[in-house]
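Student: Here it is, the structure in full.
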Amino acid sequence: MALRLLKLGATSASVRVVAAGAQRVRGIHSSVQCKLXYGMWRFLLGDKASKRLTEHSRVITVDGNICTGKGKLAKEIAEKLGFKHFPEAGIHYPDSITGDGKPLAADYNGNCSLEKFYDDPRSNDGNTYRLQSWLYSSRLLQYSDALEHLLTTGQGVVLERSIFSDFVFLDAMYNQGFIRKQCVDHYNEVKSVTICDYLPPHLVIYIDVPVPEVQRRIQKKGDPHEMKITSAYLQDIENAYKKTFLPEMSEKCEVLQYSAREAQDSKKVVEDIEYLKFDKGPWLKQDNRTLYHLRLLVQDKFEVLNYTSIPIFLPEVTIGAHQTDRVLHQFRELPGRKYSPGYNTEVGDKWIWLK
């Protein structure tokens, strides 16, 4: 195989790269479309970030506990500011941006299940940590997509959660005894070698909804799996947000905090955003050269995901070579997945010999 396993050891690295939309160029053509990547010559010829980034080129993340209205607020903010909205990255985020966009089987998505986590968070098959590790990789991929969009178009982006807040779930899982200390160490090691390459958001918006209200909303929503979430787990998520995440992010970027009622008034939130000075954080220290290197990174999805695979044995996310080979071959047998887009006759691609 050309690549390593996708961070979680659930699928082959080749499967992971294809699922993430990253393809190595071979020969002259890699697809039927021209996909000239941004590089040194375009930079030297004048294609620089300063020409497209404006005061509206911002990265905004909306955070909060489960069922706090993050998606609704994020979408409304994006619409009012003219930003691009990125819905929260889930297990099937790689599927949503590749192929026909349809979700693939669990074998190709970390071999984990959110529903199973809600039903049995202490399952001894390692599902809980596989889920968390896979979701971190999905959020990492999405954050790179958001930064790539920002640097390529100059348009601001709004995300629901990010790689910077992902750890709140890990903390809650560990505090509740769902995962082992070795899993926490593995996660922190992966995070330390990946998150350091990325600039934090310009702004974090936190929706503060008390745990009893969160539980009431979950019951009203009626999802039979979510309804099994305990108040202790939700409280640990809130504690991680308030005691660790918000204090850390307040040193790196702007932070706005709203109650459940205040978050419903997106017009007022947008007004508050427009009054912010955005006078702190690492974005202020960037220039064309540093943004050039950042753009090179985020456009290369292979490199984005590369360091989420580390040589540490952890039963929860490790599989054998035979299983890896089997999953890889099964993936390659799926329609349109054997070769690069445009080169698969089984899905109707034609004139391949001319490409």
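From the backbone N, Cα and C atoms, a Cβ is placed for every residue, glycine too.
Just so it is clear, the model here is predicted, and its values are computed rather than measured.
Among the features that Swiss-Prot reports, transit peptide is placed at 1-35. Annotation source Swiss-Prot lists phosphoserine at Ser250. For Lys285, the entry in Swiss-Prot reads N6-succinyllysine, with the evidence type similarity to another entry.
Give me the local environment of each listed feature.
Tutor: According to DSSP, Ser250 (phosphoserine) is assigned to a helical segment.
Listed in sequence order, the residues of the same chain lying 6 or more apart from Lys285 (N6-succinyllysine) and placing their CB within less than 8 Å of its CB: none are present.
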Student: According to DSSP, collapsed to three classes, what secondary structure does Lys285 (N6-succinyllysine) have?
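Tutor: The residue in question, Lys285 (N6-succinyllysine), is helix (DSSP, three-state).
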